[in-house]
Amino acid sequence: MANVVVVGAQWGDEGKGKIVDWLSERADVIARFQGGHNAGHTLVIDGKVYKLSLLPSGIVRPGKLSVIGNGVVLDPWHLVGEIAKLRGEGVEITPDNLMIAENAVLILPLHGELDRARESHNAVAKIGTTGRGIGPAYEDKVGRRAIRVADLADEATLALRVDRLMVHHDALRRGLGIEPIDREALLAQLREIAPQVLPYAKPVWKVMNEMRKAGKRILFEGAQGALLDIDFGTYPFVTSSNVIAGQAATGTGIGPGAIGFVLGIVKAYTTRVGEGPFPAELKDADGERLGERGREFGTVTGRKRRCGWFDAVLVRQTCATSGVSGIALTKLDVLDGFETLKICVGYDLDGERLDHLPIAADQQARCTPIYEELEGWSESTAGARSWADLPGAAVKYVRRIEELIQCPVALLSTSPERDDTILVTDPFED
């Protein structure tokens, strides 16, 4: 029985929420394996809209186990708030259907303060962070000074962890002109939140492996997109974690052999939030039209997304680094009505044609797109549920994308509604 990893194959915001919800109906376990509460996802179920940023998408479905793995950095106050919000919307959340890795790292208020202070001091070279403390929390994890979920259970250990953290952070805060950490206030905050978090804490690696051996279907839910990966993204304009599919194993404690199918989520055009290179970006009327029709505003930040034509070079690259088995192509309906469509098929860098995005940031910034033009269509694709419902030009567009990215389409999404999906390959089938 195949276990499935879902990853964004662009810069995030590809429409993962709908696809994950569609798959989660048949999964037994839905696990998040990286990131924090910086990347939101929107679910539309029976006309009701749910906006999540930390909890796995499966939490809104009864009878599913939702898991927050050790690869996630966890803001405990945001967690408690998101749980309360969903409970207010009629969603049942208990330790029976939500599990948090004991070794997941906590995001503390000091992480957000540091994140925002750095961004304000770097006026010339902003990264485009959400300011929620994700990056600083990962820094503490790698620096071996982080506070983890399990530390909340022992007050003596917690105090030692806070003292170790303060040595590092107070030095940083002095340099940035921030007041020193109030040790007692931080400890009081952690003592207060601990009993609201600890009931969900479990040895996730152990439970996940038991589930696998029992033949349960596991869905690994990625956040953000592979082009924001700390190693393979447009560094330094990236997130602070690995986003590619291999992180699903590391971020939950299950072996890579457990992964059967990697589904890359790909928008039929390209968007990006925040700073960083974007070779196929459109700063004209076509770009505005894509943004308006696609409602391209961030779920968490509300920031307007930059829009551009489909970049086959980048998606081919992310399909390779994540070992994508098939893609889910979303938002095809946004392209309805364009007379001519363009696909980026290569880059020009100082007169040389490239078939990949170079790793150096200065070279990325100098890349200009090489386009191939395709005929558009005037008919509507919204709500199509079979290939026969699509205009011929739309089918040609999809087929050309498959050829250029060297990866087949497994699913085609034609609206935010979960049933408006054309299934080609079921990722859960053996």
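First residue shown is number 1, and so on along the chain.
Including glycine, each Cβ sits where the backbone N, Cα and C put it.
Feature annotations, reproduced from Swiss-Prot:
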- 12-18, 40-42, ARG305, 331-333, 413-415: GTP binding site (BINDING)
- ASP13: active site, proton acceptor (ACT_SITE)
- ASP13, GLU14, GLY15, LYS16, ASN38, ALA39, GLY40, HIS41, THR130, ARG144, GLN224, THR239, ARG303: IMP binding site (BINDING)
- ASP13, GLY40: Mg(2+) binding site (BINDING)
- HIS41: active site, proton donor (ACT_SITE)
- THR299, VAL300, THR301, GLY302, ARG303, LYS304, ARG305: substrate binding site (BINDING)
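Shown here: features listed in Swiss-Prot, placed on the structure.
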residue: GLY15; record: GTP binding site; contacts (Cβ under 8 Å, 6+ apart): ILE265, LYS267, ALA328, THR330, LYS331, SER413, PRO416
residue: LYS18; record: GTP binding site; contacts (Cβ under 8 Å, 6+ apart): LEU43, VAL44, THR330, SER413, PRO416, GLU417, ARG418
residue: GLY302; record: substrate binding site; contacts (Cβ under 8 Å, 6+ apart): none
residue: LYS304; record: substrate binding site; contacts (Cβ under 8 Å, 6+ apart): GLY291, GLU296, PHE297
residue: THR414; record: GTP binding site; contacts (Cβ under 8 Å, 6+ apart): LEU332, ASP333, THR381, ALA382, GLY383, ALA384, ARG385, ASP420, THR421, ILE422
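For ARG305 (substrate binding site) paired with ASP13 (active site, proton acceptor), the C-alpha to C-alpha distance reads 9 Å. Across the structure, GLN224 (IMP binding site) and THR42 (GTP binding site) are spaced 13 Å apart at their Cα atoms. Most Cβ neighbours within 10 Å among the recorded positions HIS41, ARG303, ARG305: this distinction goes to HIS41.
Cα of ASN38 (IMP binding site) to Cα of the residue listed as 'active site, proton acceptor': a distance of 12 Å. Counting other CB atoms no more than 10 Å from each candidate's CB, the binding-site residues GLY12, GLY40 peak at GLY12. The two recorded residues, THR130 (IMP binding site) and THR42 (GTP binding site), have Cα atoms 18 Å apart. Here the CA atom of GLY40 (IMP binding site) lies 10 Å from the CA atom of GLY12 (GTP binding site).
Within 10 Å of ARG303 (IMP binding site), counting CA to CA, the recorded positions ASP13, HIS41, THR42 contribute nothing. Maximum C-alpha to C-alpha distance over the listed IMP-binding residues ASP13, GLU14, GLY15, LYS16, ASN38, ALA39, GLY40, HIS41, THR130, ARG144, GLN224, THR239, ARG303 is 35 Å. A distance of 8 Å separates the Cα atom of HIS41 (active site, proton donor) from that of the residue listed as 'active site, proton acceptor'.
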